[in-house]
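S.K.: Pasting a structure here, questions to come.
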Amino acid sequence: MPLLLDLHPDHYPLEGFRRKQLLEWVFVQGVGTFDAMTNLPAGLRAELESEYQLNPFRDIETVRSHDGSVKYLFTLNDGRQMEAVYMPYLDRKTICVSTMVGCPARCAFCATGKMGFGRNLTPGEIVGQVLAVAGGEGISPREIRNLVFMGMGEALLNYENSMAAARVLLHPDALGMSKRRVTLSTVGIAKGIRRLAEEDDLGIKLAISLHAPDEETRQQIIPTGAANSIEEIMAAARDYQAVTGRRVTMEYTMLRGVNDHLWQAELLADRLDGLVSHVNLIPMNPWDGSDFVSSSEEQIQAFYDALQDRGVDVSVRRSRGKDAGAACGQLALRRPGARTGEVGAA
C-alpha cells in the first residue's frame, strides 16, 4: 500500500477544499490516522484508509537528555530502524533527520558508520520523522522551524528522495519551512554538490563534512573519501557558490592527535582561500567502541585561534544530547533508558 507522505503535496488525493483539509490534518495538526480527520466524511476517511498508508513507523522510542534534546528511535514498517534528534532552543525548535538506515560513508569516528548501510529512506519516511517528533513533543509540526539533514546516512547518495522530502518541507501547503532554515550535510559527494546547486526551486543551505585538510588523514578517517579528493570537493564547493551565491559551511570534528595539528589548521585555511565559508569545529562526542577521543579544550582553542588569525570565519559547536547518545556522531540505535511512545500522536 503506498505511503501518503511519499507524495508531493500538489499530488495529494482529493480536490479543492477537501484536499486543503487533508493537508492541514497531516501537516498542521499532525494526526497519525485517517480516522482522526473528523471534518472529513466517514466514507472518505474509509476510502483513504483503504488506499493509503499514513504512518511510516511501526513503533517509536525516545531517550531524553538533561539539556532537553530528545533522541527518537523509529522502527519502520519493514522492521528496520533509524533515528532522529529533536533539539529545542529558547528561540527555535530544530530537528536532525536521517536519510538512510545506517550509512555507506563509514566515517571511522562516527557510530553510524560502524553500522554499515541498510537502505535508503523514502521521502515520506524522511518527512514522517518531523511529524512524529512533533507529535511526541505535543506541538504542531509547523512549530519546528529549523531542520538539518545530518542524521543517519548520506543525503546526496539518496538524492532523489532527499530532494523530494526537502520540497515537502518547504511547500506552503505542507510544513512551509524557510529554505534558509534547512541545511543539507554531505561527506563531500562532488557530483551531488553540483547537482544541488542547480535545484533552483530549493535554495537550502549546504554543509560539507570535511574533517581533514590533507588526503592522508581524510582517507584514514573517511574510507569512502577517496572517491572524491579534497581538491574535487573544494572545486565543487566553489562551483556551488558561483551558481547559488550562498556561503558553504565546513564541518570539522576535532580528533586528538589525528586532525588537530596546527599545520592542519594552516592547510585548512589555504584550502578555504577565496571561498565564502564558515568552519564549525566539533569536539568529538564519545561512543562505546570508538578508537578516537576528542581533542583537548586547549588544542581546540589553539586550532580555532590559528584559523581566526588567517581570517577564517570559525566557531566551536557544542553538541547537545550527549548523555542520550543523540549528539553528532553518536546515532547507532542505542537506547539506554528508552521509553516507548505513541507514534503520530496529535
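Here the Cβ of each residue, glycine as well, is placed from N, Cα and C on the backbone.
Annotations for this protein, taken from Swiss-Prot, read as follows:
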| type | residues | note |
| --- | --- | --- |
| ACT_SITE | Glu83 | active site, proton acceptor |
| ACT_SITE | Cys328 | active site, S-methylcysteine intermediate |
| BINDING | Cys103, Cys107, Cys110 | [4Fe-4S] cluster binding site |
| BINDING | Gly153, Glu154, Ser185, Ser209, Leu210, His211, Asn285 | S-adenosyl-L-methionine binding site |
| DISULFID | Cys96-Cys328 | disulfide bond |
| DOMAIN | 89-323 | domain 'Radical SAM core' |
S.K.: Write out the long-range same-chain contacts of Cys103 ([4Fe-4S] cluster binding site), meaning residues 6 or more apart in sequence whose Cβ is under 8 Å from its Cβ.
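M.R.: The list for Cys103 ([4Fe-4S] cluster binding site) reads Cys110, Thr112, Gly113, Met115, Gly116, Phe117, Met152, Gly153, Glu154, given in order along the sequence.
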S.K.: According to DSSP, which of helix, strand or coil covers Leu210 (S-adenosyl-L-methionine binding site)?
M.R.: coil
S.K.: In the structure shown, which of the recorded positions Cys96, Cys107, Cys110, Leu210 has the fewest Cβ neighbours within 10 Å?
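M.R.: So among Cys96, Cys107, Cys110, Leu210, the recorded positions given, the one with the fewest Cβ atoms within 10 Å is Cys107.
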S.K.: Output, ordered by sequence, the same-chain residues six or more apart from Ser209 (S-adenosyl-L-methionine binding site) with a CB under 8 Å from its CB, or 'none'.
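M.R.: Listed in sequence order: Cys107, Ser185, Thr186, Val187, Gly188, Ile222, Glu251, Thr253.
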S.K.: List only the single closest residue to Glu83 (active site, proton acceptor), chosen from the recorded positions Cys96, Leu210, His211, Asn285 by CA-CA distance.
M.R.: Cys96
S.K.: Going by C-alpha distance, which of the binding-site residues Leu210, His211, Asn285 is nearest to Cys96 (disulfide bond)?
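M.R.: Result: the closest of the binding-site residues to Cys96 (disulfide bond) is Asn285.
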S.K.: Identify, among the recorded positions Glu83, Gly153, Glu154, His211, Asn285, the residue whose Cβ has the fewest other Cβ atoms within 10 Å in this structure.
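M.R.: Asn285, out of the recorded positions Glu83, Gly153, Glu154, His211, Asn285, has the fewest neighbouring Cβ atoms within 10 Å.
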